[in-house]
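Per Swiss-Prot, the features are:
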- 70-93: transmembrane segment (TRANSMEM)
- 156-179: transmembrane segment (TRANSMEM)
- 195-219: transmembrane segment (TRANSMEM)
- 291-309: transmembrane segment (TRANSMEM)
- 346-369: transmembrane segment (TRANSMEM)
- 385-411: transmembrane segment (TRANSMEM)
- 433-455: transmembrane segment (TRANSMEM)
- 531-549: transmembrane segment (TRANSMEM)
- 573, 582: [4Fe-4S] cluster binding site (BINDING)
- 589-610: transmembrane segment (TRANSMEM)
- 664-686: transmembrane segment (TRANSMEM)
- 675: chlorophyll a' binding site (BINDING)
- 683, 691: chlorophyll a binding site (BINDING)
- 692: phylloquinone binding site (BINDING)
- 724-744: transmembrane segment (TRANSMEM)
């Protein structure tokens with residue numbers, strides 16, 4: 001740590017009234033661009049309007065102005081999030097069976113939407129138990145509400161109103177910090193101050209206040225609920241906060257107040273700050289006292305982290321110093337210059353954040369089933385499947401977004417004249433080695449993973465099961481994965497002696513946890529079938545990375561097009577007269593990467609859905625006999641391509657295909673409609689622009705004949721626009737099809 005002279009005093013970092021609020025300005029379509037503001041000559045205008053409305057780089061090159069627009073837009077985004085949350089809570093308050101579910105969560109399914117009878121669609125209101133008819137929801141809101149200690153629909157109402165207040169505050173803040181008091185560029189670039197405030201404030205105090213809420217409100221209320229007390233009899237949240245004796249009845253150490261804390265006798269608090277591991281056998285969720293302990297610990301860590309960076313005092317870390325000191329034996333100048341990149345290119349900053357947040361989202365997807373955090377979440381199979389699928393898709397999109405913004409940074413913000421021999425320059429200089437090796441890895445994984453399946457299909461077709469790769473013939477056990485499982489299962493005795501059980505039951509070693517006759521979680525066995533599909537995961541992920549990374553590393557130049565940087569982020573081809581140069585722009589790599597991301601995530605959610613139905617989810621009899629939903633057929637059926645088609649896609653689609661005339665029929669309609677949206681995308685992806693332009697001109701001729709031709713000249717979509725429309729429908733159609741397939745299946749059988 002370098003001791004320096006004190007930093008100068010805090011400067012004024014806002015401009016007052018920089019931009020006047022003008023409704024006339026906002027009412028003029030395309031006011032942000034001279035060209036678009038002129039109004040439409042051709043139908044391309046409406047596409048350009050949408051493409052450029054939020055491309056702030058194209059409005060101005062002034063970094064301060066761009067930063068202010070992004071900052072203001074973030075408040076708008078937060079406002080929409082609060083509005084959405086308010087809607088969720090309002091539905092819980094007004095249209096749901098939350099109070100009934102709270103009294104009997106094992107027999108009543110959550111519902112928060114009742115369909116009005118207009119043309120007979122009240123058939124969708126299925127019987128969810130307890131005499132309530134509505135649409136079964138799978139968002140996990142009921143479980144999170146119970147965990148946070150909400151016991152009545154009135155409380156949900158109040159929270160919904162609170163969220164609306166916050167939404168309007170955010171809207172106001174977005175306007176205020178752009179039109180009235182806009183931060184200067186220096187404020188956006190003050191990374192040490194930003195780190196301190198975000199770490200100590202958002203994460204530190206945020207976690208601390210949540211831990212406080214969990215200890216003083218959630219824990220006692222959940223204690224009463226678990227003991228079967230009627231929610232209406234339970235004291236209200238503020239009573240626990242104001243009256244310490246109430247808490248002391250449940251947790252005697254509360255009577256001693258803060259004394260054990262200051263006398264370092266912290267073990268006294270172990271009643272409500274526990275370190276148990278495993279699941280609560282009553283609710284099938286993590287121990288709420290473990291979760292409170294976790295948030296308290298996280299809060300301490302982040303409060304410390306939020307005091308590590310040098311701001312107005314001559315003490316603490318400077319980010320620039322840390323980055324410039326970061327040199328390795330093969331990295332030349334290392335991270336020299338990275339500080340300048342990340343404080344002047346928001347695309348570079350965003351790219352890193354998206355990559356990390358995307359990875360984190362996928363980690364969350366895996367924790368939601370392996371360590372279900374909320375009460376009764378683990379036995380609500382529809383919600384389990386939905387949460388996993390949702391977080392996997394979101395994670396995939398965020399990671400593709402990371403590559404997109406990395407490529408935009410390369411094209412728009414990277415300055416090769418000032419970047420010499422730093423880490424990024426070194427990566428760019430050996431990009432051919434990186435991409436060709438990655439390509440080899442993809443070929444290897446593709447041929448070998450599919451080769452194993454094709455071998456099995458062939459042997460199966462020829463009636464030679466003894467020659468197949470399977471747990472009962474030629475075994476390919478995932479020994480490394482099993483070793484990882486075993487290590488974690490033994491951790492409580494070895495590496496984590498303070499814990500009573502391992503972090504998750506899926507590692508093995510424990511007894512299964514069942515709640516209300518349904519399996520919450522049990523040790524998940526891994527075998528040859530998982531080994532095979534795992535290599536398909538490896539293959540699809542590597543191909544996605546190959547496409548995205550090639551797009552980033554060759555965004556500015558390639559042997560084919562040395563001056564690619566001059567053509568911009570998205571362009572269809574390198575002009576007329578140069579054949580074979582289409583689909584090379586950075587944008588096209590994002591476009592192609594999206595399809596492979598879709599492939600990758602689809603295989604993951606199919607694997608998860610079938611594996612859980614086969615080996616985890618099911619019912620348990622009084623004698624302790626477990627009956628799984630698909631009877632453990634994953635290990636033998638999923639080792640052939642034919643098995644995936646026959647026993648997963650076809651067999652499990654029967655519920656959605658046969659849903660007509662039942663309360664699940666909306667899923668049947670969605671299944672059909674989303675297939676149509678998906679197929680519609682192929683029309684955009686498999687035909688050229690010229691075809692449509694010819695057709696349009698013929699149609700315009702007919703309009704001219706009838707004297708009904710519009711003033712705005714119709715144009716076919718540009719090549720890039722066509723691809724954008726195509727990939728959008730492909731992904732939305734595919735995702736909605738999968739959603740209908742999964743939910744109709746799991747609500748019917750789960």
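Using N, Cα and C of the backbone, Cβ positions are placed for all residues, glycine too.
What Swiss-Prot annotates, mapped onto the structure for a quick look.
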| residue | record | Cβ within 10 Å |
| --- | --- | --- |
| 573 | [4Fe-4S] cluster binding site | 17 |
| 582 | [4Fe-4S] cluster binding site | 13 |
| 675 | chlorophyll a' binding site | 15 |
| 683 | chlorophyll a binding site | 13 |
| 691 | chlorophyll a binding site | 10 |
| 692 | phylloquinone binding site | 16 |
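Taking residue pairs at least 6 apart in sequence, the transmembrane segment (385-411) and the transmembrane segment (433-455) share fewer than three C-beta contacts under 8 angstroms. Contact between the transmembrane segment (589-610) and the transmembrane segment (664-686) is not supported, since fewer than 3 Cβ pairs fall under 8 Å when only residues 6 or more apart in sequence are counted. Taking the C-alpha positions, the distance from residue 683 (chlorophyll a binding site) to residue 692 (phylloquinone binding site) comes to 11 Å. Residue 573 ([4Fe-4S] cluster binding site) is 18 Å away from the residue listed as 'phylloquinone binding site' when you measure Cα to Cα.
Long-range contacts of the transmembrane segment (291-309) within the same chain, counting only residues at least 6 positions beyond its ends with a Cβ under 8 Å from a Cβ of the stretch, are 147, 191-193, 195-201, 203-208, 210-211, 214-215, 218-219, 272-275, 316-319, 373. Counting in whole angstrom, residue 691 (chlorophyll a binding site) lies 25 from residue 675 (chlorophyll a' binding site) by their C-alpha atoms. For residue 675 (chlorophyll a' binding site) paired with residue 582 ([4Fe-4S] cluster binding site), the C-alpha to C-alpha distance reads 29 Å.
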